[in-house]
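> The feature active site, phosphoserine intermediate is assigned by Swiss-Prot to SER102. If you look up Swiss-Prot, you'll see SER102 marked as phosphoserine, on the strength of sequence analysis. Summarising the annotation, Swiss-Prot assigns Mg(2+) binding site to SER102, ASP241, ASP243, ASP245 and lists sequence analysis as the type of evidence.
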Amino acid sequence: MSQRKYFGTDGIRGHVGLSNINPEFVLKLGWAVGCVLANGARKKVVIGKDTRVSGYMLESALEAGLSAAGVDVALLGPMPTPGIAYLTQTLRANAGIVISASHNLFEDNGIKFFSADGGKLPDSVELAIEAQLEKQLQTVPSAKLGKATRINDAAGRYIEFCKSTIPSLSRLSNLKIVVDCANGATYHIAPNVFSELGADVVPIGIKPDGFNINQECGSTAPELLREKVIAVGADIGIGLDGDGDRVILVDSLGNLVDGDQIIYIIAKDRHQRGVLHGGVVGTLMSNYGLELAITSLGVPFQRSKVGDRYVLETLREKDWKIGGETSGHIVCLDKTTTGDGIVAALQVLSIMVKQNKALHELTAGIQLLPQTLVNLKTNNAALLASNPDVIQAVKNLEKHLNGEGRVLLRPSGTEPLLRVMVEGANASIVKQQAQMLCDDISQIDKKMTESLPST
């Protein structure tokens, strides 16, 4: 596959004004997308965004570029990423565009795309867009310019969809829920979803001002959520990120419930009901405790590369339905086409009601292993990861762990680092073993550097 110039694993992202996330580039990006999609026929694209102040500017730029290519635009306004994927399908659009930098702070923003079926754009389409970006922008004749309309009931449509993902007779009437919307795209949606299903909802992070998205709130900063759950005596806390595709939970005792535990709860329930349809997909960074808990049920477990894109790819390859990441990207392919924080939370709430169990009871079957991650500075990360002496050192440690732990080496894709991760039953021993392994690798790195010809 050709090397991408602009697209990363999840669209195009950067610091606003100091990267390609600027009005000039984004206008041309909209035009390029329009040209690739249109291919001579009238097409329609939906655009949604989170609550960053830069979203207004980027939305206008995209709209102008798409119009110049003769593509009609439907503006959704603030809308969670999975909501945009859903509405792309129901509005019969040819593509959906998300303006968001997910869990990042307001200074960043990004553009990512969904195809007509609500899935990620194929690599071939992304490469065609990049090729079009290299051409001179040409506006279609005035009679063929695209029009823009605003979908005023977009939030209501998505709220109804979310509610439809649990059994129609499910009621959350006996649950008190704190929901943290991260001052992001779910601020006007998530509280309504849960309250319309009967829950007593205490919402926080619902006052976006363009600058406070993900700021000391949401799934990446759950301290406020935890405090609120304890303070109001809630049954559960739900922490979403700025664009609503991640979720973490807090139980009534104040314990954090991460993506691995959420995957376990959902997968175990489906397995017990005979509707799991295959196995479960995690990533290279999923806790070994998840693998042990899933396989102990007699359910296959597969690891993908890190990133929800790769989780989705593996699920589709195997025709499985449930997967996700520790960070809270949870994919239920029998319900949605992408990670959806609200939908994942609803699955857990439905299980709590159906089994009449508290969240801490549902997590009792999975024991997360202590994990130590060390970032080892080196200019030889990739060489070290494949070095025979390093591989042997890893094997020796894995033998010592005796099937009750895991070792993972990952060269960083952006920094001169080798990430060394060790998991095991005892936290202090794991920390010690990780440091010993890093010391061994550092010695090998030193010898390797000395043997390399000087430049």
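Counting starts with 1 at the first residue shown.
Every residue, even glycine, has its Cβ placed from backbone N, Cα and C.
Map these features onto the structure and tell me what's around them.
Under the DSSP three-state reduction, SER102 (active site, phosphoserine intermediate) is assigned to coil, being neither helix nor strand.
Taking Cβ-Cβ distances under 8 Å and a sequence gap of 6 or more within the same chain, the neighbours of SER102 (active site, phosphoserine intermediate) are ASP10, THR81, GLY110, ASP241, GLY242, ASP243, ASP245, ARG246.
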> Where among the binding-site residues ASP243, ASP245 do you find the Cβ with the fewest other Cβ atoms within 10 Å?
ASP245
> To test your reading of the Mg(2+) site: which residues beyond SER102, ASP241, ASP243, ASP245, same chain only, put their Cβ within 8 Å of the Cβ centroid of those residues?
ASP50, PRO80, THR81, SER100, HIS103, GLY184, ALA185, LEU240, GLY242, GLY244, ARG246, GLY341
